[in-house]
Amino acid sequence: MAEEHRCETPEGHRLCVNNCGFFGSSATMNLCSNCYGDLCLKQQQQASMKSTVESSLSPVIAPVLENYAAELEIPTTKKTEEKKPIQIPTEQPSPPQRPNRCTVCRKRVGLTGFMCRCGTTFCGSHRYPEVHGCTFDFKSAGREEIAKANPLVIAAKLQKI
């Protein structure tokens, strides 16, 4: 008699397969809404992981397969490559150091020295050409620069009619 009065669920309602205490439906594989949502989420994560693994492996595997196929297609005839000798970098000579003393007074100038157009280094008081007796011809150099900057233009003669 106790068996007759036992609490049974109606035929349309079934408990969740995961035994969580909620009712499941046949549309959700007899899972409740919470368990079905968790199942869908796990399936999506597995699918995304599978696609990322396949995409990361495909670039690595494809060239290996192509190289292997290329080796099989080509018979044993291979070109021998000439080996180029390895060049050892030699130390390049350092640029010539600027003289760090004035040519006239031998005073140490360092970075404040002035290079004259005659090619020597001078201190602040001997930097002018008149003071150190420069041999450079500034007038002819100026004339040459002006001639290069302003070439002579000669127009073609017009014929008289």
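Any Cβ shown, glycine's included, is placed from N, Cα and C.
The annotation Zn(2+) 1 binding site is assigned in Swiss-Prot to Cys16, Cys20, Cys32, Cys35. Residues annotated as Zn(2+) 2 binding site in Swiss-Prot: Cys102, Cys105, Cys123, His126. Summarising the annotation, Swiss-Prot assigns Zn(2+) 3 binding site to Cys116, Cys118, His132, Cys134. Swiss-Prot lists 76-85 with the feature compositional bias 'Basic and acidic residues'. What Swiss-Prot lists as region 'Disordered' is 76-99. For 10-44, 96-142, the entry in Swiss-Prot reads zinc finger, with the evidence type sequence analysis.
For the zinc finger (10-44), residue counts in helix, strand and coil come to 15 helix, 6 strand, 14 coil, using DSSP.
Between the CA atoms of Cys32 (Zn(2+) 1 binding site) and Cys105 (Zn(2+) 2 binding site) there is a gap of 101 Å. Helix, strand and coil residue tallies for the zinc finger (96-142), in that order: 12 helix, 6 strand, 29 coil [DSSP]. Here the candidates are the binding-site residues Cys20, Cys35, Cys118, His132, Cys134. The one whose C-alpha lies nearest to that of Cys105 (Zn(2+) 2 binding site) is His132.
For the zinc finger (10-44), the model's average pLDDT works out to 85. A 10 Å cutoff on Cβ-Cβ distances gives His126 (Zn(2+) 2 binding site) a total of 20 other Cβ atoms nearby, all chains included. Within 8 Å of the centroid defined by the CB atoms of Cys102, Cys105, Cys123, His126, the record's Zn(2+) 2 site, lie the Cβ atoms of Thr103, Val104, Arg106, Lys107, Val109, Phe122, Gly124, Ser125, Arg127, His132, excluding the listed residues themselves.
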